[in-house]
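Peer 1: One structure coming up, written as C-alpha cells, with questions to follow.
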Amino acid sequence: MPEQFCSLPLTDVAQLTDDTYLYTFALARPIAQPDSAVWSVWVKDDTLQAARRYTPVNVPDTADAPISHLQLAVRVYPDGQVSRFLWRKRIGDHVELCGPKLTWKYQAQKHRHVLLLAGGTGVTPMLQLLHYALRDPSDSTRFTLVYAARSDQDHMLSADLDRLQQQHPERLRLRYLAERVTQSGSNKKDGRGWQGGTGRITQDEVEHAATWPEEQQRASLVVLCGPDGMMHALAGRKRTDADPGPVNGLLARMGYRDDQVVKL
C-alpha cells in the first residue's frame, strides 16, 4: 500500500459482536510485512473527508510471508463518522485506505514478562503483537493479557486469542473481564458458563496479572490500549503517538515509570 490513500475493494464482512464487525479488504498486490509488531492503516470516509486509524488483525504465520489482504475489526458508534461509513458499505464497494503506519516496535527478549491491558476494540493491537511475538521461536518473552469488555458477549476475537494461548501455554496467559455477565453466562469457549472475572481492570487484577506463576518479579513492561476512560484511570490520558504523556493513574501509584508503560 502506498503512503497516499488508495481504493480497495471490500471482499467480506463478518459480525463479531452486537456492534462490531470484521471487514476484509483485498490488496491489489501483496505487500511485505512491516518491520514492527504494531502497525495500522488509515480509513477515510470520502464523503466527509474524515479519517480514522485501525489496526489490522490478520498476521501471517511466518515473518517472510506477504500480506495479501487486510482485516479490520471495527466497532460502530452512533456518532462515529468513519465506523458508520464502513457499516453502510457492502461487499464489492471500494474504500480508501492508507498505510501501513508504524505504531510501536516490539523488541524480542528485552523483557522477561510483558503485561497487556486491553479494553473493547483496544484488543486489536494486542492480538497483532501476540501473533508477531509468539511466532518467533527465538523469543521467550511471556505475556499476560487482561481483556475487559462491557459484557461476556463483547470479547471479540476471543477465539483467536484462545487459539494462541493453547498453542503457547508456556508464554501466554489470558484473563477475561466483563462488567456484565449475560443470563446465558457463556464465554463462547467451552460451554461451561462464564469463566472470567467481573468488573473493570482494578489494582488487584493488575497486581495478580503482573506476576507470572512461580515468579516473584512483576512484569517490567505494561502495554495498554482501550477507551479514553480506561486509559485515563490506568495510565493517564494519551496525548499523541509522538508524546504519549507521563504515566499517571493506577500504574503510577503502583510504581511504574514512564519508560515501563506503552500507551497505544
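Backbone N, Cα and C atoms are what each Cβ position is placed from, and that goes for glycine too.
Residues annotated as FAD binding site in TrEMBL: R52, Y54, V82, S83, T124. According to TrEMBL, the domain 'FAD-binding FR-type' annotation covers 3-107.
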Peer 1: Counting only other Cβ atoms and using a 10 Å cut-off, which of the binding-site residues S83, T124 scores lowest?
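Peer 2: Fewest other Cβ atoms within 10 Å, among the binding-site residues S83, T124, is found for S83.
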Peer 1: When secondary structure is assigned with DSSP, how many helix, strand and coil residues does the domain 'FAD-binding FR-type' (3-107) contain?
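Peer 2: Across the domain 'FAD-binding FR-type' (3-107), the residues distribute as 7 helix, 58 strand, 40 coil.
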Peer 1: Looking only at Cβ atoms, how many others are within 10 Å of the one on V82 (FAD binding site)?
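Peer 2: Counting Cβ neighbours of V82 (FAD binding site) within 10 Å gives 21.
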Peer 1: Where does T124 (FAD binding site) sit by DSSP, helix, strand or coil?
Peer 2: helix
Peer 1: Let's check the environment of R52 (FAD binding site): how many other CB atoms sit within 10 Å of its CB?
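Peer 2: 17, counting other Cβ atoms within 10 Å of R52 (FAD binding site).
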Peer 1: In the same chain, which residues outside the set R52, Y54, V82, S83, T124 have their CB within 8 A of the centroid of the CB atoms that define the FAD site?
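Peer 2: Going along the sequence, the neighbours come out as V43, R53, L72, V74, R75, G80, L86, T121.
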Peer 1: Considering each pair of residues in R52, Y54, V82, S83, T124, all listed as binding FAD, report the largest CA to CA distance in Å, no decimals.
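Peer 2: Per the listed residues, the maximum Cα distance equals 17 Å.
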Peer 1: Give me the non-local Cβ neighbours of Y54 (FAD binding site): same chain, 6+ apart in sequence, Cβ-Cβ under 8 Å, ordered along the sequence.
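Peer 2: Set apart from Y54 (FAD binding site) by at least 6 residues yet with Cβ under 8 Å, we have S40, V41, W42, V43, L72, A73, V74, T124.
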